Amino acid sequence: MAIILASASPRRQELLTQIRCNFTVVTSNVIEDNTQAVPPEKLAVIQAVAKARDVAARAGRNDVVIGADTIVVYNGQIYGKPADRTDARRMLTELSGHEHCVITGVAVVGNSQTWSDFACTKVTLRDLTDEEIEHYLATGEPMDKAGAYGIQGIGALLVANISGSYSNVVGLPLVTLAELLKKAGIKLL
Ligand SMILES: Cc1cn([C@H]2C[C@H](O)[C@@H](COP(=O)(O)OP(=O)(O)OP(=O)(O)O)O2)c(=O)[nH]c1=O
């Protein structure tokens with residue numbers, strides 16, 4: 001039995017390493033579509049399940065595959081990874097000074113079964129000046145991150161408040177994941 005992380009995200013790899021989980025990485029070929037007409041929590045779970053199942057189809061029978069999908073939700077809108085710098089600027093301008101939700105769907109696939117769940121963390125960005133947004137864009141950090149910021153990086157300077165799981169914001173809610181892995185017969189602690 002081996003644990004496979006179906007993710008290209010270095011943050012997810014770091015979080016799994018942090019909890020001393022032995023795993024290998026196989027990236028999925030799933031193309032995300034944040035325009036699907038389903039509630040945001042469901043969208044994140046659907047995409048996490050799709051990523052895990054895509055890799056599970058190519059994995060061994062006894063392997064356990066983890067998939068995840070992170071989105072930001074504010075004012076009824078979904079913010080995924082920005083398309084370009086203009087899109088990142090728009091996201092940061094809209095999120096500035098407001099509380100939003102970071103939702104990560106997680107899926108564990110093993111033994112032809114799927115277990116899935118999501119976590120939701122409330123994050124408030126402080127009021128950002130146009131100059132601060134430009135400086136942050138210039139770091140390049142926003143480009144591969146949902147909502148165009150990374151709480152674990154320079155983006156920490158944008159965050160006024162967080163309520164809920166921190167690892168969820170970084171891309172993998174570890175307590176939620178541990179519960180799913182337990183159902184699949186894997187105890188982390
Ligand atoms: C809000 C926020 C998001 N993120 C990241 C986590 C995710 O990697 C990314 C959202 O993109 P995802 O589509 O969830 O994941 P990904 O494309 O990076 O990787 P894969 O699909 O292969 O698993 O945003 C941070 O790193 N820090 C943050 O503070």
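Every residue, even glycine, has its Cβ placed from backbone N, Cα and C.
A TrEMBL annotation is a machine prediction, not a hand-curated record.
Keep in mind it's a predicted model, so treat the numbers as computed, not measured.
According to TrEMBL, the protein carries these features:
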- Arg11: site 'Important for substrate specificity' (SITE)
- Asp69: active site, proton acceptor (ACT_SITE)
- Thr70: site 'Important for substrate specificity' (SITE)
- Gln152: site 'Important for substrate specificity' (SITE)
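Here Arg11 (site 'Important for substrate specificity') is compared against the recorded positions Asp69, Thr70, Gln152, and the shortest C-alpha distance is to Gln152. Here the C-alpha separation of Gln152 (site 'Important for substrate specificity') and Thr70 (site 'Important for substrate specificity') works out to 15 Å. DSSP assigns Arg11 (site 'Important for substrate specificity') to a helical segment in the three-state reduction.
There are 28 other CB atoms within 10 A of the CB of Asp69 (active site, proton acceptor), with all protein chains counted. For the recorded sites shown (Thr70, Gln152), fewest C-beta neighbours within 10 angstroms: Gln152. Look at Gln152 (site 'Important for substrate specificity'): DSSP puts it in coil.
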